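Contents: one structure, followed by commentary.
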Amino acid sequence: MMLKKWMPFLAMIFVQFGYAGLAVIAKFALDKGMNQHVFVVYRHIVATLLVAPFAFAFERKRLPKMTIPIFVKIMILGLLEPVIDQNLYYTGMKYTTATFTSAMCNVLPAFAFIMAWILRLENVKVRRVHSQAKIVGTIVTVGGAMLMTLVKGAVIDLPWAHHAGASLAPAASTSSVTSTHQEPVKGALMIMSGCFCWAAFVILQAITLKSYPAELSLTALICLMGSLEGSVFAVVLEGGFRRASWSIHFNSILLATLYGGIVCSGVAYYLQGVVMRTRGPVFVTAFNPLSMIIVAIMGSLILHETLYLGRVIGAMVIVMGLYMVLWGKTKDGQLPRPLSQLPDGDKPVLAAEDGHLAMPNVSVGPGSMEIGAYVAVDLTKVRPTDEPV
């Protein structure tokens, strides 16, 4: 029971570790000349090949009916995150660093919270403390991200930065060369635009799951549509099909493609869908700041990126905001839900047998609505009356 309670938290932490690993690997591959548009296509081809067999094996007998509105939503989902967001994200990463990119992505919870609030997917009552915590926590999270991005401060001298292996020396030299051509403003605008599309993807995914409650199948279809739409997008941006851009070898580019497709598209999309059905889109995006902290450490260790005091302070502020949002979400889960919002299997059901009317004994406690034992009412002893109840 305790493990089930903590499973959504553990799943989202795993997803953020996966995203952090990809940020470092992708930055390394981009510095080696990886084409970001082609990478996005290959990544989702790998994810499709991974998830589709599981979707067929476990969900083919209970697959919801495919309708035109659902298909249109899947097409838009495949365009929002796998194509637009990721192309903007990795292009922005080319102009900046892995740590900077992860820091800018912390506007995602704010975008998702505002969208969910507008669409009434998020329970917000401004006069209640837990809702105030979610609002303030979102603002604090974004403020911490801005602090981490805009304020450098003193350079932190990390001990492992002076003991990097010889195999990483080429990465350091390449990173130092690309750092002289950085365009942080241009990169930040691209990353921010990508995060807006990412937030819209998360919200639309939550909406789609209500009418198409098959996480594996939805994940496979999103990745398939992302592969098809991304291929067209890549050919157009590259000015035609260039064999050199699409060729792949046994190097860091192949590692980034396999890792991104398996961990960050296949597994991450599925876990987000599962958690989103029970916790909502804001809970899923609230863990995004963890990825930034992991990337800041891994980036300084592997990519030899410089770590500044201002970014460390910003990371601490982001964690404070994250805990405020999670506290507010936890309190949301403790509020009793009305009968109209309960799943069909949990609603009280009336039953008549041998002249008796039986109904569940419903008790509302501080945690959640519980259905207790049945209470029998003798119908022969119920006197009709015209008096108002």
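The backbone N, Cα and C atoms fix where each Cβ goes, and this holds for glycine too.
For the ranges 70-89, 350-369, the feature annotated in TrEMBL as transmembrane segment maps to 70-89.
In TrEMBL, the transmembrane segment annotation falls on 282-302 of the listed ranges 9-29, 282-302. Per-stretch counts of Cβ pairs under 8 Å to the transmembrane segment (308-327) identify 131-151 as the leading one among 70-89, 95-119, 131-151, 188-209.
Contact between the transmembrane segment (131-151) and the transmembrane segment (248-270) is not supported, since fewer than 3 Cβ pairs fall under 8 Å when only residues 6 or more apart in sequence are counted.
Counted over residue pairs 6 or more apart, the CB atoms of the transmembrane segment (70-89) and the transmembrane segment (216-236) come under 8 Å in at least three pairs, which marks the two as touching. Note on the transmembrane segment (188-209): residues 70, 73-74, 76-77, 80-81, 84-89, 91-93, 95-96, 100-101, 104-105, 107-108, 111-112, 115-116, 119, 121, 149, 215, 218, 222, 272-273, 276-277, 280-281, 284-285 of its chain, located 6 or more positions outside it, place their CB under 8 angstroms from a CB of the stretch. Long-range contacts of the transmembrane segment (39-58) within its own chain (CB-CB distance under 8 A, at least 6 residues past either end) are made by residues 26, 29, 82-83, 86-87, 90, 214, 216-217, 219-220, 223-224, 226-227, 230-231, 234, 248, 253, 256-258, 260-262, 264-266, 269-270. Counting residues 6+ beyond its ends, the transmembrane segment (95-119) has Cβ neighbours under 8 Å at 20, 23-24, 26-27, 89, 134-135, 138-139, 141-142, 144-145, 148-149, 175, 179, 182-184, 186-188, 190-192, 195-196, 198-200, 202-203, 206-207, 280-282, 284-286, 288-289, 291-292, 295-296, 298-300, 303, 305, 307, 311, 314, 318, 325 in the same chain.
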